[in-house]
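Here's what Swiss-Prot has on this protein:
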| type | residues | note |
| --- | --- | --- |
| DOMAIN | 2-185 | domain 'GMPS ATP-PPase' |
| BINDING | Ser29, Gly30, Gly31, Val32, Asp33, Ser34, Ala35 | ATP binding site |
Amino acid sequence: MFKTEPFIEESIEEIRKQINNRKTIIALSGGVDSAVAAVLTDRAVGDKLLAVYVDTGLMRKNESEEIWKIFKEQMGLNLKIVEAKDIFLKELEGVIDPEEKRKIIGRLFIEVFEKVAEEQGEEVLVQGTIAPDWIESEGQIKTHHNIALPGGMVLDVVEPLRELYKDEVRLLAVALGLPDQIAHRQPFPGPGLAVRILGEITDEKLAICKEANFIVSEEIEKTELKNELWQYFAAVLDTKATGVKGDIRDYNWVVALRFVSSLDAMTAHTPEIPFDLIKKISKRITSEIPNVTRVVLDVTDKPPATIEFE
């Protein structure tokens with residue numbers, strides 16, 4: 001059985017040894033993995049840590065504001081927000097292949113961190129990599145942004161959570177005193193909404209994806225399902241379908257809903273969701289997002305599917 005206190009003590013000591021009194025940055029995403037890694041590193045090296053959050057433009061609605069409030073104002077971390085939306089979206093123009101998207105995002109993430117590190121004199125990059133990240137990458141299922149590091153990297157990498165699974169990381173978060181909204185926050189992919197937009201990422205599809213995910217989260221979090229589901233989200237498919245709005249024929253985008261239960265993300269199943277809730281979410285999406293004509297439900301388990309669409 002996983003014991004949090006011995007792990008915390010050993011991890012802090014190991015982080016301190018690996019960093020060896022050098023200035024350090026951490027890739028802070030706002031999720032539980034990077035949050036736990038940040039707190040452990042802060043306890044190990046204190047003011048030598050700079051938490052860096054990159055706004056790629058691919059994050060959830062109001063994400064940057066929430067990150068600042070939680071990690072800077074509430075938790076007191078030394079936090080720097082890097083506005084990089086234009087860089088990421090420009091590089092992703094015309095890219096359709098999901099693996100290519102992930103590799104581009106991974107490369108840009110590290111380039112941004114390296115630039116900040118050079119400006120601040122940093123030498124070490126801490127990441128919130130957990131076991132499913134590198135297990136999936138080595139099995140060539142998906143390449144996660146915090147594994148596909150480009151050649152010639154100038155920063156040493158420290159991954160204090162590399163051998164842990166999500167349920168263990170959540171236990172650590174509670175033991176470390178992290179806010180409940182972080183400790184029990186649903187996982188969010190490193191590449192952000194890029195993997196929930198099938199095909200090319202356009203401003204139109206990105207806006208749809210942000211709003212649809214906001215609606216899904218808002219409705220689920222009104223119910224007890226928020227404590228039962230591993231993930232709940234919406235994806236924008238790379239196809240359009242015919243619909244009717246008013247008395248006028250409409251040909252527009254299709255949004256897919258995804259709800260899964262899991263313990264460690266290695267396997268997942270689709271639980272039964274109250275149909276009236278699904279209908280409510282569907283109605284909100286099609287009425288509040290003008291360029292969506294249809295909402296579908298994905299009920300595929302993992303395996304054979306992965307949790308995210310790309």
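Every residue, even glycine, has its Cβ placed from backbone N, Cα and C.
Everything Swiss-Prot records as a feature, shown here on the structure.
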residue	record	Cβ contacts under 8 Å, 6 or more apart
Ser29	ATP binding site	Tyr53, Gly128, Phe188, Gly190
Gly30	ATP binding site	Tyr53, Glu63, Glu66, Ile67, Ile70, Phe71, Ile182, Arg185, Phe188
Gly31	ATP binding site	Gly128, Ile182, Arg185, Pro187, Phe188
Val32	ATP binding site	Lys166, Val169, Arg170, Ala173, Leu178, Ile182, Ala183, His184, Arg185, Pro187
Asp33	ATP binding site	Gly128, Thr129, Ile130, Leu161, Lys166, Val169
Ser34	ATP binding site	Ile26, Ala27, Leu28, Gln127, Gly128
Ala35	ATP binding site	Leu28, Phe71, Gly128, Ala173, Leu178, Ile182
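Under DSSP, Gly31 (ATP binding site) is assigned to coil, being neither helix nor strand in the three-state scheme. Taking the mean position of the Cβ atoms of Ser29, Gly30, Gly31, Val32, Asp33, Ser34, Ala35 as the ATP site, the remaining residues of that chain whose Cβ falls within 8 Å of it are Leu28, Val36, Ala37, Gly128, Ile182, Arg185, Phe188.
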